[in-house]
Amino acid sequence: MATVDFGSSADPEMDITSDDELEREAEGFKEQGNAFYVKKDYAEAFNFYTKAIDLCPKNASYYGNRAATLMMLSRYREALEDSQQAVRLDDTFMKGHMREGKCHLLLGNAMAASRCFQKVQELEPENSQVQQELKSAESILEFERLAEISFEKRDFRMVVFCMDRALQSASACHRFKVLKAECLALLGRYPEAQSVASDILRMDSTNGDALYVRGLCLYYEDCIDKAVQFFVQALRMAPDHEKARLACRNAKALKAKKEEGNKAFKEGSYEEAYDLYSEALTIDPNNIKTNAKLYCNRATVGSKLNKLDQAIEDCTKAIKLDETYIKAYMRRAQCYMDTEQYEEAVRDYEKVYQTEKTKEHKSLLKNAQLELKKSKRKDYYKVLGVEKNATEDEIKKAYRKRALMHHPDRHSGASAEVQKEEEKKFKEVGEAFTVLSDPKKKSRYDSGHDLEDDDMNMASGPGNFFFQFG
């Protein structure tokens, strides 16, 4: 707690009576201010110290007392001005230098604070309090240095740590708070960043840095129109704010390029849309949320262009940027289904269903699980070399062709190993035809049911059929 000076500083040797009276009256106001200060009624104390200053504007202790009061009211910039005026009037006023140093420290100006504390050391070499204050100033300078290095390395967590430590001694430093808020935004911790910036704006609605951070949070949350408004406002308050200028330019460019891509996609110009989304992704690597959407949009275009592997890769990049992005999981799962990577599809659909338990998601998951189950058994369509939507006639023709190809009589002169392999394939062809030529069995096979309990004679049926065509 700041201390005030309770001793009288009136000059008893003043020759002019009116001056004596003014000083006595000023001392009376000072005493009343002291009384309110002790009661912690700092607003009233401020009023009486101000009255004392109005009567005797060259009394250093009055400015010192008012500075102490302003510090208790957290009005540190005004307290700094009063402290500076006090030491201008009396350079040997130790408390004035100490208060000036504390104000500089609280406002984050550690270099200026150190100079003030060094002056206190000169005046009072045995002062133990000033040693601690000097250590605090040195710590702040070190945290500033480390934060600058960390920011250049994009180690934003370390910057937040340094600013938190620095703010323990420099609690009124808007510069440190803004840097912390900016790094919180860059880390994707938008609510925390917004909270810090809002606190600053409540105290100083014209703070360009805080307006920039508010805009940055909105920009990174893909609220680009609102973000631009804050960037413009920041530039109005601080026309030379380069970060706000760059962010505003990026926001406008990103929005325009994304909208161009969307337009091309809706018009069916998929190659053009793919290129536009790719260009948009180069504008600002820091905009995680928008870039996640752009990757997912490009994946959608990629799937239309049958670039399924690229589409899967883009979805993976989107998910890496935003692990909660359900649309990217859905798109990747569909691409996995289209490329028959059913295990991966099941994994993605399970993630989706755990997050949003809807009927649609449950149905998609069940379908993926069914396709996975089907993929682990013999693919009779592949055995016969036909598509899954093949007609009955196409299945018969394919069977005849494959049966002829693998018939044991055709390979009677081959080695025992080849004969064994061809016989195995011949039996598989028979099994496939037995199932796919029977509408009931084919339906059960297509729906994923197990056929082991169907009492089928896989060997005799197709053999007889083959010899009908023989």
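Keep in mind that glycine also has a Cβ here, set from the backbone N, Cα and C atoms.
Note: TrEMBL annotation is automatic and uncurated.
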TrEMBL record, region 'Disordered', of the ranges 1-20, 21-40, 381-400 the matching one is 1-20
Report, as numbers and ranges, every residue of the chain located at least six residues beyond the repeat 'TPR' (208-241) whose Cβ falls under 8 Å of a Cβ in that stretch; write 'none' if there are none.
-> 174-175, 178, 181-182, 185, 188, 190, 193-194, 196-198, 200-201, 247-248, 250-252, 254-255, 286-290, 293
Given the repeat 'TPR' (292-325), its same-chain partners at Cβ distance under 8 Å and 6+ residues beyond its ends are 222, 258, 261-262, 265, 270-271, 273-274, 277-278, 280-281, 331-332, 334-336, 338-339, 355
